[in-house]
Amino acid sequence: MRKHGWQLPYHPLQVVAVAVFLALGFAFYVFFAPFVGKKIHQYIAMGIYTPLITCVVGLYIWCAASDPADRGVFRSKKYLKIPENGKFPLAKDIKDGCGSATGGAKSHDGTCVEDTENGSNKKLESSERSSLLRLLCSPCALLCSCCSGKDESSEQMSEDGMFYCSLCEVEVFKYSKHCRVCDKCVDRFDHHCRWLNNCIGKRNYRKFFSLMVSAIFLLIMQWSTGIFVLVLCLLRRNQFNADIALKLGSSFSLIPFVIVVGVCTVLAMLATLPLAQLFFFHILLIKKGISTYDYIVALREQEQELEAGGGQQSPQMSMISSFTGLSSASSFNTFHRGAWCTPPRLFLEDQFDVVPPENASVSSYGKKSVVEERVKKKPQPVKISPWTLARLNAEEVSKAAAEARKKSKIIQPVARRENPFVGLEASSSFGSSGRRMFPTKYEGVNNNGKQRRQSKRIRLPAELPLEPLMNVQTKAAMETSTSSGLAPLQLEARSAFQTSRAMSGSGNVMVTSSPESSLDSHDIHPFRVSSEAEDAAQLNGFSSAVGLMGQQRGQQQQQQLSMMMMPLSRSTSDGYDASGGEDSDQVPSRNIHKSR
C-alpha cells in the first residue's frame with residue numbers, strides 16, 4: 001500500500017516532471033532574466049518568477065506527500081503493516097536467524113548483531129528524512145490548513161450509511177474508490193496522477209488545482225520571457241555578444257546561448273498546451289459537479305452501448321456529432337466506414353468505433369464468439385478531452401457513476417454484506433411445487449436484495465441411445481405385472497423438495513413446469529403415453545404407484561452411469577435460460593433438470 005507519492009518506486013513521469021521544472025528554473029535565472037534588458041526589467045522578471053516557482057515547488061511537494069486515503073484506511077492492517085496473526089515477527093526472525101547454525105555460533109552472532117545495527121541505522125536515517133521533509137513542507141501545510149474548509153465526514157456518514165471495502169477490509173465513505181495503483185481507498189477519488197505519483201481526492205484536490213494554476217502561469221512567464229530574449233538577441237546582436245561574454249564567460253558564444261534559450265522556450269510552450277487543456281477540463285468538472293472518475297465511467301458506458309448496439313448511436317453521441325458539424329456522409333467516413341464520425345484528434349482524442357461488420361456473424365456460434373470477445377476485451381484508457389466533457393449531460397454521468405458503484409464487487413454497502421439468506425423460493429422440477437425453507441450453496445443475493453437461484457441442468461446429447469432407459473422401464477414393468485404398453489418415463493433425478501404429484505396414484509403421467517423453471521416450453525418433448533397404457537394405469541393405479549416407488553432405485557443406478565457421459569451446463573441467470581442452446585431448434589432435446 002502506497003502512502004504518498006514520494007514513496008519508492010518513483011514513476012518515470014514524476015522524475016520527468018521534477019527534472020523539467022528544475023531545468024526551466026535554472027535556465028530562467030541563468031539565461032533568461034539577466035538578458036531582458038535594463039536592471040529594472042531584470043528585477044521585475046525575477047520578482048514575478050520567484051514567487052511562482054516557489055509556489056509550484058511547494059505545492060508539488062505537498063500534493064505528492066499528502067495521503068488522500070479514506071479515514072478508515074488509517075486503521076487498516078495494511079496501512080499499519082500488521083500481519084494477519086496480529087504478531088510482529090521481527091524478534092522471532094532475529095532469534096531464528098541468530099540461532100539457526102550451531103557450528104559457527106560466534107560468526108553467526110556477529111552477523112546478526114550487524115544486521116540489527118544496520119536495521120536500526122536505516123530506521124534512523126528514514127526518520128531523519130521524514131522529519132526533514134515535514135520541515136520543508138510545513139509552510140505549505142500551514143497555508144493549506146488555513147485555506148481548507150470544515151470536514152465533511154459527518155455529512156458523508158449520513159448519506160446511505162457506510163460502505164465496506166473487501167480489499168482494505170475497513171469501512172469507508174460512500175464516494176470512496178479503491179485505487180489499484182496505490183492499493184487503498186481514496187476519499188472522494190478523482191483520479192490517480194502519474195506526474196505526482198499519487199491519488200487526487202478530497203484531501204489534496206484544492207492543492208492540486210492550485211498547483212495547476214501556478215504551473216500554467218509559470219510556464220507562460222517562462223516562454224514569454226524566452227521569446228522576448230530571442231527577439232532582443234536578433235535586434236541587438238553585437239550587444240548580446242558582449243553581454244554573453246561578460247555574464248557567462250568568454251568561452252560561451254552566441255549560438256549555444258540561442259540554442260539553450262530556444263529549447264527551453266519550446267519546452268515550456270509544449271508543456272503549457274496539455275496543462276491548459278487539463279485546467280479547462282477541471283473547470284468543466286467543477287461546473288458540472290462531477291469528478292474525473294465519473295467522466296471515465298460515463299465514456300466507458302457509452303462505448304459499451306455502441307458495441308452492443310451494433311453501430312447505432314446513443315442519444316448523447318448523436319448530440320455530440322451534431323455539435324461537431326461532421327455528418328455521416330462526409331469524406332471522413334470513406335476512410336472510417338464502421339466508425340462514428342468525430343472531430344480531429346487534436347481537439348477530441350477519443351474515437352468511439354463500433355464493431356466492424358466482419359466480426360459479426362449471422363449464426364448463433366458467431367454471436368457467441370463476438371460476445372465473448374467483448375467480455376474478454378480490456379477497457380481502453382480514456383483520454384482527457386474538454387470537448388467531450390462539455391457535451392456530456394451531468395445527470396447522465398452521475399447516474400452512470402451511481403450504477404458503477406452499485407455494481408462494484410469491491411466496495412459494497414454494509415447492509416448488503418449483512419443481508420441474511422431469508423425468504424422462500426419455489427423449486428420447480430417437472431411439476432413439483434415444494435418450497436425450500438433454507439438456502440443452499442447455489443443460492444445468493446444479488447445487488448437489489450432479491451434471491452437468485454443457480455440451477456444445474458443436465459442435457460442429453462442427441463446421439464445418446466434410449467436403450468438403457470427402455471431396459472430400466474421394462475424391468476420395472478415386469479416387476480409390477482402391468483401392461484407392456486406403458487411407454488418409458490423420462491428419467492428424473494430424485495429431489496428432496498419434490499412433491500408426489502408425478503408419483504401419484506392416477507394413471508396419467510403429467511409433466512408440468514412452473515414459471516420459474518429453467519426449461520423453456522419449446523424444448524420440452526415428453527414421451528407420449530398410449531391409450532392402452534392409460535387404461536391399464538387406471539385399472540392398476542395402486543400397483544403402478546408401488547412399482548414406480550420401487551423403480552427409483554434402478555433409476556438412480558442407471559442415472560449414475562449415464563451422468564458420466566452427460567455434459568453439464570450451469571445456468572447462472574435469474575431463473576430463465578435457453579435450455580436448448582444453439583441447436584435447440586434442430587435436434588429434439590431430452591433434458592433432465594436437477595435442482596439442489
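Using the three backbone atoms N, Cα and C, a Cβ is placed for every residue, glycine included.
Taken from Swiss-Prot, the feature transmembrane segment covers 15-35, 44-64, 215-235, 254-274. If you look up Swiss-Prot, you'll see 102-125, 433-455, 498-523, 549-596 marked as region 'Disordered'. Marked as domain 'DHHC' by Swiss-Prot on the basis of sequence analysis: 163-213. Taken from Swiss-Prot, the feature active site, S-palmitoyl cysteine intermediate applies to Cys193, supported by similarity to another entry. According to Swiss-Prot, the compositional bias 'Polar residues' annotation covers 498-518. Among the features that Swiss-Prot reports, compositional bias 'Low complexity' is placed at 549-571.
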Long-range Cβ list for the residue listed as 'active site, S-palmitoyl cysteine intermediate', cut-off under 8 Å, min separation 6+ in sequence, same chain only, gives Cys199, Ile200, Phe208
Reduced to three DSSP states, the domain 'DHHC' (163-213) has 9 helix, 18 strand, 24 coil
In this predicted model, the domain 'DHHC' (163-213) has a mean pLDDT of 90
